[in-house]
Amino acid sequence: NLWQFEMLIMKIALTSGFMFYSSYGCYCGWGGHGRPKDASDRCCFVHDCCYGKVTTCNPKFGVVVCGGDDPCKKQICECDRVAATCFRDNKYWFYGAKXCQEESDPC
């Protein structure tokens, strides 16, 4: 769920996802459209695409146990882990959620 994702970001990237990425660029936060503004925004784009491929459970709500046998929950954990690692590995610039009218990139 989103709270677990926040905790994972804090553990891996040593920063708050809610504070820094909840309205960053074209894809961090709710929804998403246009072209990612930078590498950090692309982390959110890839995360959105990853969640979009998870069809048998809802990745945003409910408790996810990453070590379990549920393949859907394992995929959610992997989506979140990849995004948190991506945030850690890319520079944060504050790009507000504006000028995102371009055609969206395909997943």
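Placed from the backbone N, Cα and C atoms, the Cβ positions cover glycine too.
From a predicted model like this one, the values you see are computed outputs, not experimental measurements.
Cross-referencing D48, D69 with the Ca(2+) binding residues that Swiss-Prot gives (Y27, G29, G31) picks out D48. Only one of C100, C107 is recorded by Swiss-Prot as the disulfide partner of C26: C100.
When Swiss-Prot is consulted, the disulfide partner of C79, picked from C49, C50, C57, C107, turns out to be C50.
Long-range Cβ proximity for C28 (disulfide bond), meaning a same-chain Cβ under 8 A and a gap of 6 or more residues, is found for Y21, S22, S40, D41, C43, C44, A97. Around C79 (disulfide bond), taking its Cβ as the centre, 21 other Cβ atoms fall within 10 Å, counting all chains. Reduced to three states, the DSSP call for C100 (disulfide bond) is coil.
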